[in-house]
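**Student:** Annotations for this protein, taken from TrEMBL, read as follows:
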type	residues	note
DOMAIN	622-896	domain 'G-protein coupled receptors family 3 profile'
SIGNAL	1-38	signal peptide
TRANSMEM	622-648	transmembrane segment
TRANSMEM	660-682	transmembrane segment
TRANSMEM	688-707	transmembrane segment
TRANSMEM	786-807	transmembrane segment
TRANSMEM	819-841	transmembrane segment
TRANSMEM	861-883	transmembrane segment
Amino acid sequence: MNLLGSCMKRGQTGCHRGGLAGPCQVLLLACCILVVLGAKPKTPGHKHLNSIRIDGDISLGGLFPVHARGNDGKACGELKKEKGIHRLEAMLFALDRINNDHELLPNITLGARILDTCSRDTHALEQSLTFVQALIEKDGTDIKCLSGGPPIITKPERVVGVIGASASSVSIMVANILRLFRIPQVSYASTAPELSDNTRYDFFSRVVPPDTYQAQAMVDIVKAMRWNYVSTVASEGNYGESGVDAFIQKSREEGTVNPRLYHDPSQSCCLILACTLNKQRGVCISQSVKIPREPKPGEFDKIIRRLSENPNARVVILFANEDDIRRLLQAAKKDNQTGHFIWVGSDSWGSKISPILNQEEMAEGAVTILPKRQSIRGFDRYFISRTLDNNRRNIWFAEFWENNFQCKLSRHALKKGSGIKKCTNHERIRKDSSYEQEGKVQFVVDAVYAMAHALHNMHKELCPGKVGLCSKMETINGTMLLKFIRKVNFTGIAGTPVIFNVNGDAPGRYEIYQYQMKHNTTEYKIIGHWADQLHLDTKEMWWPGGTLQVPQSICSQPCCPGERKKTVKGVPCCWHCERCDGYQYQADTYSCKMCRFDLRPNENHTACEAIPIVKLEWSSPWAVIPVLIAVLGIMATMFVVGTFIRYNDTPIVKASGRELSYVLLTGIFLCYATTFLMIAAPDVGICSLRRIFLGLGMSISYAALLTKTNRIYRIFEQGKMSVSTPRFISPASQLVITFSLISVQLLGVCIWFGVDPSQAIIDYEDQRTSNPNMARGVLKCDISDLSLICLLGFSMLLMVTCTVYAIKTRGVPETFNEAKPIGFTMYTTCIVWLAFIPIFFGTSQSTEKMYIQTTTLTISVSLSASVSLGMLYMPKVYVVLFHPEQNVPNRKRSLKAVVTAATMSNKFPTKAGLRPNGEAKSELCESLETQALASKQTYISYSNHAI
């Protein structure tokens with residue numbers, strides 16, 4: 001490492017550790033310059049072996065990478081024909097044009113001091129000290145001539161501005177020195193975004209756009225191709241690292257691709273047919289690799305292996321120098337990755353041939369970018385006319401000549417058997433060698449012209465009307481010159497405007513190229529351009545394998561409708577697709593939400609839809625059977641009522657207790673009618689009637705039966721003790737007791753109405769199945785299972801009490817009373833309701849709950865009514881209609897005789913065969929009559945005895 005480089009590296013480490021990188025580095029540069037200058041030999045006539053010097057009234061500096069970076073401790077390596085010689089000659093070409101232009105800087109000649117940077121920033125820094133030597137006063141007091149006189153010190157020409165450098169790292173290093181001495185700098189190729197910092201590089205300008213524009217253009221290309229998962233490769237240094245950083249930053253700011261999905265019935269999932277942009281996520285980086293300044297053997301193979309770790313990230317963003325690109329492609333070819341990687345190269349690749357020479361198949365489909373440029377025909381004529389004789393001012397031209405024509409100028413340099421011929425000086429460029437103008441020639445010319453126009457405008461202001469330099473321009477003020485540079489506005493040699501913004505940057509204008517291989521021919525084809533917006537002709541693009549279909553570079557396939565993205569931590573472009581299951585729907589790309597209680601997800605779970613409402617329909621099998629039973633029951637009830645009314649004054653009707661019979665029949669009718677209320681569509685009116693009549697019919701029936709059994713029980717219990725008449729056994733008393741019991745049921749219903757008014761509701765929980773497609777909302781009345789038990793509770797209590805009395809009166813002579821038919825009725829009713837309870841409550845979790853419970857309840861109520869109707873009234877109707885001979889009046893006897901006879905009948909056996917059909921009617925036991933009347937049956941009316 002040279003002295004200046006060592007000084008800079010040691011000092012930069014200390015500056016960064018101290019956290020004062022800006023001011024510290026400026027002071028550091030000044031100290032290093034003094035160290036280097038002090039270390040240089042002070043002998044007169046020190047030669048500039050690596051520079052071109054052209055005399056003129058005003059001198060401009062030039063920095064060009066004439067040679068590549070050296071190896072094995074050497075500062076410089078092999079000659080760079082295009083990036084070095086072409087660009088250097090472009091500056092000489094521009095100087096010739098300006099000096100021959102009578103309108104621009106008339107009578108003022110521009111000279112130059114052009115240096116070789118050897119593509120190394122530290123070497124360029126040392127070389128550029130030449131530009132500032134004229135500004136440093138040298139102390140010659142201690143220098144004596146042999147004659148004793150004062151020494152004559154030749155002061156070097158003063159450089160007022162510098163054209164260059166090429167690499168951003170070199171420009172950054174040089175800019176730190178030039179700003180100390182206020183020397184403006186105009187670069188023709190440095191594009192690092194860092195150089196746009198006007199506080200640190202205030203004397204730096206450039207005629208090429210910064211990489212922030214280039215990065216934006218590359219992000220737009222990635223978006224247009226619908227890529228969202230890429231890798232980046234950068235050469236170590238300001239250009240590569242800053243370019244990748246700018247790309248990543250722009251991708252985050254700009255957003256990424258959000259696929260819009262369309263269904264394809266032939267596919268199992270979905271296809272991407274179009275896309276829209278959003279501002280939520282950036283392009284994701286799979287691998288971000290940096291190429292060292294001094295790559296070790298196998299370094300590029302290792303980089304290719306890293307890039308291959310994720311095969312989904314096929315696109316590689318390249319901000320690398322020409323040599324690194326060539327070696328990276330070689331490593332990819334060695335790893336047999338032909339056609340896998342899609343390269344997106346920056347302007348360092350552009351449309352150059354050298355990076356892809358002999359490995360064209362690896363670069364097929366590569367998309368590259370270059371600042372918009374145009375080949376300068378005047379330069380082509382100038383350059384191909386250069387020979388060894390007319391271009392002696394270029395000290396490296398002889399080396400170029402040997403390299404270009406594969407010959408040697410010196411006979412002594414020839415080796416036997418090497419196959420290299422001696423140069424004849426008759427070789428001609430383009431005729432005897434290939435030639436293609438280097439891409440940055442236009443910008444070198446524009447940079448020189450920008451400096452010339454600034455000097456011209458400065459001369460017009462400082463030396464108005466004077467031809468040639470005036471005294472005010474003998475020492476040019478760099479700060480003033482910088483202001484004129486930033487204000488220039490002229491048409492460049494290619495016809496594009498040359499202007500600078502406040503940071504000294506040129507506007508972004510790029511051309512987009514693709515390297516294509518068609519029909520055994522290769523070319524860089526222009527496929528679009530970028531100027532604040534991307535204009536891309538995708539129809540002209542050609543991808544590896546000769547296909548027109550854009551290759552994919554995405555981490556994860558788009559999720560189907562109804563699936564949410566579960567992103568991989570730290571990689572927002574990679575995700576797993578999770579189905580929104582159950583009652584969830586896809587609220588957005590990344591989340592599922594539950595549908596509202598009355599909604600369910602649609603078929604693909606992208607939205608919610610209303611849950612269908614169901615109710616028990618009249619046509620349902622669950623309703624047909626109860627309705628059929630109810631209709632038959634109502635018809636039977638009406639038939640019994642009609643028969644009783646028709647034979648209202650006959651002994652059997654009178655003996656059955658007409659008043660309570662009609663009350664009981666009314667209750668039976670209401671029990672059957674309740675079925676229609678339970679099946680009817682619920683509304684406020686229907687629900688109110690359900691509350692009233694569901695328990696009322698049973699309460700009326702069992703209240704009447706309880707009154708009957710209680711009357712019989714009291715009569716015969718009283719008869720055992722005395723012959724006095726029990727209280728409250730008259731028909732009027734029995735009705736009062738019955739209606740008192742019924743009123744308790746009505747009072748409870750009224751209280752329920754007051755506390756909780758009746759209403760129809762939609763229950764979404766009854767049929768909320770695990771499968772949302774089977775979910776239904778049930779339209780029903782707001783009667784819970786507990787409310788139903790309370791509603792029927794009083795009826796159940798009456799039923800149990802009646803059953804108890806039926807059991808107690810089981811010893812009453814069967815030929816005398818209705819106790820046993822009532823007992824059988826209650827036993828059967830209890831069995832019905834005992835079966836009802838487990839069925840009703842056992843199906844509470846069933847999806848068919850509404851149908852099963854409604855059917856069970858209505859059939860149970862109808863069966864209870866049918867049992868009462870069948871056991872209590874059908875025998876009487878049978879006798880009345882088919883055995884009228886038995887429906888005749890008997891002689892009237894006193895209550896005392898009847899009760900005494902009934903009590904005594906327990907002591908004698910009965911003759912079962914004399915019981916007319918087992919009907920419950922009041923008759924005397926045959927053993928208490930005379931033997932002559934054994935076959936005669938005597939009927940005693942309850943009404944006559946007020947029983």
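The backbone N, Cα and C atoms fix where each Cβ goes, glycine too.
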**Student:** How about the transmembrane segment (688-707) with the transmembrane segment (622-648) - do they touch, taking at least 3 C-beta pairs under 8 Å (6 or more apart in sequence) as contact?
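**Tutor:** They do not touch: fewer than three Cβ pairs between the two stretches lie under 8 Å.
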**Student:** Look over the recorded stretches 786-807, 819-841, 861-883 and say which has the most C-beta pairs under 8 A to the transmembrane segment (660-682).
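**Tutor:** Comparing 786-807, 819-841, 861-883: 861-883 has the most Cβ pairs near the transmembrane segment (660-682).
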**Student:** Determine whether the transmembrane segment (622-648) and the transmembrane segment (861-883) share at least three Cβ pairs under 8 Å, counting only pairs 6 or more apart in sequence.
**Tutor:** yes
**Student:** Could you pull out which residues elsewhere in the chain have a CB under 8 Å from any CB of the transmembrane segment (786-807), counting only those six or more residues past its ends?
**Tutor:** 691, 694-695, 698-699, 702-703, 705-706, 709-710, 712-713, 741, 744-745, 748-749, 752, 819, 822-823, 825-827, 829-830, 833, 857
